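S.K.: What TrEMBL records for this protein is below:
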DOMAIN    B:79-157  domain 'Acyl-CoA dehydrogenase/oxidase N-terminal'
DOMAIN    B:162-264  domain 'Acyl-CoA oxidase/dehydrogenase middle'
DOMAIN    B:284-450  domain 'Acyl-CoA dehydrogenase/oxidase C-terminal'
DOMAIN    B:467-593  domain 'Acetyl-CoA dehydrogenase-like C-terminal'
Protein chains: 2
Amino acid sequence: MIPYNAPIQDMRFTLNHVVGLPKVAELPGFDAVTPDLVDAVLEEAGKLARDVLAPLNWVGDQEGATLENGVVRTATGFRDAYLKYVEGGWNSVPFSPDYGGQGLPWTLALPIQEMWQSANMSFSLCPMLNQGAVELLTAHGSEEQKRLYLEKMITGEWTGTMNLTEPQAGSDVGAVRTKAVPQGDGSYRISGQKIYITFGEHDFTDNIIHLVLARTPTAPAGIKGISLFVVPKFLVNADGSLGDRNDLRCAGLEHKLGIHASPTAVMAYGDNDACVGYLVGEENRGIEYMFTMMNNARLGVGMQGVAIAERAYQQARDYAKGRVQSRALTGKDPNPVAIINHPDVRRMLLSMKSQVEAARALAYLTAFALDNAHNNPDAEARKHYAGLNDLLTPICKAWCTDLGVELTSIGVQVHGGMGFIEETGAAQHFRDARIAPIYEGTNGIQANDLVFRKVIRDGGAAAFALLADIKNVAAQAKDGPGDDLATIGTNLQAAAHAVEQATTWLLEAGKADPVAAASGAVNYLRMFGVTIGGYLTAKGMMAAVEQQRDPSADHKFLDAKLVTGRFYADQVLPTTLGLLKPIVEGHRSVMALAEDQF
Amino acid sequence: MIPYNAPIQDMRFTLNHVVGLPKVAELPGFDAVTPDLVDAVLEEAGKLARDVLAPLNWVGDQEGATLENGVVRTATGFRDAYLKYVEGGWNSVPFSPDYGGQGLPWTLALPIQEMWQSANMSFSLCPMLNQGAVELLTAHGSEEQKRLYLEKMITGEWTGTMNLTEPQAGSDVGAVRTKAVPQGDGSYRISGQKIYITFGEHDFTDNIIHLVLARTPTAPAGIKGISLFVVPKFLVNADGSLGDRNDLRCAGLEHKLGIHASPTAVMAYGDNDACVGYLVGEENRGIEYMFTMMNNARLGVGMQGVAIAERAYQQARDYAKGRVQSRALTGKDPNPVAIINHPDVRRMLLSMKSQVEAARALAYLTAFALDNAHNNPDAEARKHYAGLNDLLTPICKAWCTDLGVELTSIGVQVHGGMGFIEETGAAQHFRDARIAPIYEGTNGIQANDLVFRKVIRDGGAAAFALLADIKNVAAQAKDGPGDDLATIGTNLQAAAHAVEQATTWLLEAGKADPVAAASGAVNYLRMFGVTIGGYLTAKGMMAAVEQQRDPSADHKFLDAKLVTGRFYADQVLPTTLGLLKPIVEGHRSVMALAEDQF
């Protein structure tokens with residue numbers, strides 16, 4: 001199995017020179033974020049990812065998680081790995097110091113999360129879902145809830161889960177039917193079935209804190225009648241010790257295409273009408289609370305797309321360097337060469353590398369916007385960055401996870417026949433990657449969110465502001481120095497112009513004909529994603545050119561940044577030109593067939 | 001599990017009105033091909049596919065094939081299905097009547113093959129590989145070999161396999177090391193290991209006839225020193241009865257991403273130095289012989305891409321009609337609707353439907369060219385069609401199989417969370433589809449074949465001839481009647497123009513800089529594939545408009561042809577515009593990184 005090594009040099013370059021981690025470090029609350037700390041944290045996380053989590057990835061795929069008599073056993077080594085992860089303090093990185101967290105910015109927490117995801121996507125889901133639960137309780141829990149549950153969820157002594165979906169309530173979370181009946185003692189009796197509950201049951205910790213969406217007897221219908229409850233696996237006594245087993249159980253584990261080591265549970269609440277839950281915040285505000293964590297969870301899933309593509313890239317690259325097959329296309333040497341020397345294999349590898357780096361920068365930029373939206377001392381700046389974060393989040397979630405599928409597929413292809421053999425490991429990444437465009441809001445839903453809530457609602461203000469910035473960068477790059485910068489400047493300008501035209505069209509169409517706007521949404525999101533990727537790539541190239549002036553810099557790395565960016569400019573950015581017509585004209589046929597004509 | 005129904009109406013429409021099956025029926029040797037026969041054959045094949053093969057697809061995936069003590073057991077029901085298939089005479093459809101075949105044209109045999117592939121891709125591989133072996137023996141075997149082996153391989157009493165690959169000889173088949181030492185009695189002693197041997201061992205039949213590439217002691221190095229041998233599992237006596245077990249065995253089965261029910265064998269020849277093989281034709285001409293079946297095998301794999309996408313489409317379509325979730329985007333009804341009513345789900349389904357139909361037409365057209373290349377009485381016409389078949393084959397293989405992966409992925413996406421659950425069945429299609437861009441020459445190799453051997457070698461003659469035809473159709477369509485035809489005419493013209501520019505560039509670049517040409521090959525193939533798909537879609541739309549004049553025609557079907565074609569025109573054809581730059585400019589960075597900069 002080819003090992004995983006965190007791409008720390010690219011991460012650090014992107015953080016410091018493309019996205020602006022140093023600016024985040026200047027924000028109030030983040031003074032601990034010194035360059036030394038950043039280095040130490042990235043290095044140490046990289047070691048845990050490489051030495052502990054990555055070696056379990058294949059075992060986890062083969063063994064999966066198993067359910068027997070209501071008990072879920074995770075794959076060999078996973079529990080130990082979790083304990084090491086908790087022992088290292090990794091679980092508390094981004095959380096509030098008020099409850100024992102380290103309070104580091106998301107801009108730094110995200111690259112760390114990326115490492116867990118690359119190393120072992122299944123494993124990384126447990127902390128990721130816990131993170132959502134922590135954010136919810138931090139924002140909306142009572143002081144007692146925080147003391148009883150939150151602190152242990154931050155250390156990692158217990159884990160949290162998110163229980164939204166039911167068989168009839170997937171994308172339409174308003175259709176939730178799980179019941180919560182008040183008992184007069186402040187608690188509620190919970191009953192219902194939840195599906196797709198990630199790490200809904202496991203053997204990592206003594207307790208699991210479920211956050212469950214349910215409906216009280218007097219709740220209004222639909223999305224406005226949903227409340228949020230804490231439902232612990234074991235009830236917790238006032239002194240924090242474990243009490244009785246609650247009336248909830250894992251009723252089944254799904255048999256999935258990928259992420260086999262992540263137990264996806266069917267959860268049954270209240271089989272014996274004795275499941276105790278506690279209201280979080282106020283009744284009927286559950287969906288509103290969910291939005292607290294939604295952007296962040298979507299950012300985390302977008303990061304997964306990048307992370308799994310990075311892992312697939314490393315796998316394909318190392319295979320291509322080692323596999324000897326066929327003579328070189330040019331020259332007279334009849335001896336076979338490593339396949340990395342064949343032009344189409346190179347093209348595939350650069351296609352992976354250039355898009356992984358662009359998408360990574362987009363994910364980190366989204367985190368940067370999030371930190372500024374929360375911690376920037378200037379109210380105007382907070383508002384600006386909140387708008388940017390809102391705009392970027394669906395793009396990051398959908399574009400990066402689509403790339404995850406596409407690039408892991410290229411990774412399989414680089415291997416030839418060996419790519420189809422499971423033991424190689426490339427196929428697992430392809431299977432694992434396939435969930436990310438689906439969960440945490442399908443990519444179709446992300447596209448609608450982008451078009452209707454993030455672009456049309458503010459009359460395109462946030463989109464045009466970002467496009468203005470993109471055009472500035474393109475104009476700067478066009479001036480060079482050098483052909484690589486000039487090329488990305490030119491092609492970025494053309495891409496930005498296409499996004500502008502599409503945006504203008506959407507603003508018109510969205511009013512007159514929402515179906516037309518919705519029909520073009522996925523292509524619009526992709527076009528925007530590719531363009532933002534080009535913008536961040538151009539920024540990275542300009543920074544690289546700047547640094548090349550220093551003779552002591554790592555020129556091999558900087559030169560590679562320019563070639564990789566040039567590839568993105570030549571081969572990726574122009575695909576936006578093929579998307580404009582599908583957006584502005586493609587809607588005409590989308591709804592034109594009757595159902596029985598399909 | 002959602003059933004499979006062969007899309008006979010679309011198949012027949014495409015055969016008769018887009019591709020020209022009636023013209024094939026006029027060729028010498030094909031007088032049996034009456035409309036009644038075509039109907040009967042398609043209907044009956046559709047029944048076998050629906051009732052026998054499709055219901056085994058999921059079982060086959062779950063059980064796979066198992067190896068115990070050298071014996072391979074296929075999944076439950078597969079042997080019975082094979083016997084039914086043979087009993088129905090399906091195995092002999094396209095083969096020479098001289099040896100018991102039915103001698104039907106490939107243009108008709110291919111849609112039948114498509115049905116087996118849609119219904120059960122794993123099962124379909126056994127007849128497909130046998131077909132290659134049959135073609136080889138028919139063209140190059142001795143009369144005795146034909147009498148002893150070929151006739152039973154045509155009835156299906158025995159199956160044939162193709163043994164090319166070895167661990168060090170994949171894409172580079174010239175690196176084959178398996179030895180064949182003449183014994184002085186006309187036979188050879190074979191020794192070596194072959195991998196990736198599809199249905200290399202199984203329990204369908206009493207004997208298996210392996211065709212094996214090997215090297216004689218005096219053979220020149222490389223590709224010019226490879227000979228072809230018949231190596232039966234059981235030796236065959238002069239009277240056709242089975243003799244001794246030959247010294248060959250299945251040494252392992254691969255653990256694969258998909259097509260689990262197709263045993264992919266590691267074959268060991270001559271463990272005891274007693275493996276008997278018989279030379280086919282002359283020594284050192286093995287690779288030349290392989291080309292006899294190569295085009296056809298690649299066409300068959302291209303068809304698989306379409307077939308698996310068709311199956312995934314039917315699965316996604318039926319799911320989308322049944323799954324109720326969220327209210328409609330417009331209107332005031334608060335009740336949830338079937339998800340087929342949501343614009344992005346429609347877009348996904350039409351993206352599948354329109355590309356499946358276009359790709360199907362391309363595959364059938366390739367078969368049409370093949371039949372004409374063999375059976376057209378006019379020498380000029382034969383030459384023309386041989387050139388067309390040569391040009392279309394790599395495009396069909398690679399474009400259709402890339403679509404297979406992309407469209408089965410969309411199929412998963414349509415299902416939302418259920419798509420990731422294996423029991424739904426959508427994920428299996430996605431896994432199964434992934435092999436087709438790899439085997440029978442990777443899609444990168446197809447692209448190089450297209451660029452260097454099919455375009456550059458004849459100075460672009462075949463490519464420009466086809467483009468001229470495409471531009472004629474585009475011009476015709478532009479004149480209408482109606483907006484749909486006008487649109488596809490316009491967009492097809494633009495696409496053809498882009499292919500023309502790329503072709504002109506390749507002809508220049510190919511001479512000066514083969515690496516540049518190779519770097520653009522995959523994008524060029526895709527662009528050409530999408531454009532030919534548009535050309536055939538436009539032809540279908542024009543035929544539909546023509547038929548709409550008949551009040552008794554099936555207007556629901558014809559109207560759907562126009563809407564589906566319009567979707568292709570609006571949403572698929574314009575993507576070619578994003579590929580020109582990557583082809584003509586994208587090569588500049590492809591080889592610019594040093595190996596250690598990856």
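Note that Cβ sites are derived from N, Cα and C of the backbone, with glycine treated the same way.
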S.K.: Compute the average pLDDT of the predicted model within the domain 'Acyl-CoA dehydrogenase/oxidase N-terminal' (B:79-157).
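M.R.: Averaged over the domain 'Acyl-CoA dehydrogenase/oxidase N-terminal' (B:79-157), per-residue pLDDT gives 97.
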S.K.: Counting by DSSP, what is the helix, strand and coil composition of the domain 'Acyl-CoA dehydrogenase/oxidase N-terminal' (B:79-157)?
M.R.: 62 helix, 0 strand, 17 coil
S.K.: For the domain 'Acyl-CoA oxidase/dehydrogenase middle' (B:162-264), what are the DSSP-based totals of helix, strand and coil residues?
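M.R.: Each residue of the domain 'Acyl-CoA oxidase/dehydrogenase middle' (B:162-264) counted once, the result is 7 helix, 49 strand, 47 coil.
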S.K.: Per DSSP, what is the helix/strand/coil residue tally across the domain 'Acetyl-CoA dehydrogenase-like C-terminal' (B:467-593)?
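M.R.: Its residues divide into 109 helix, 0 strand, 18 coil.
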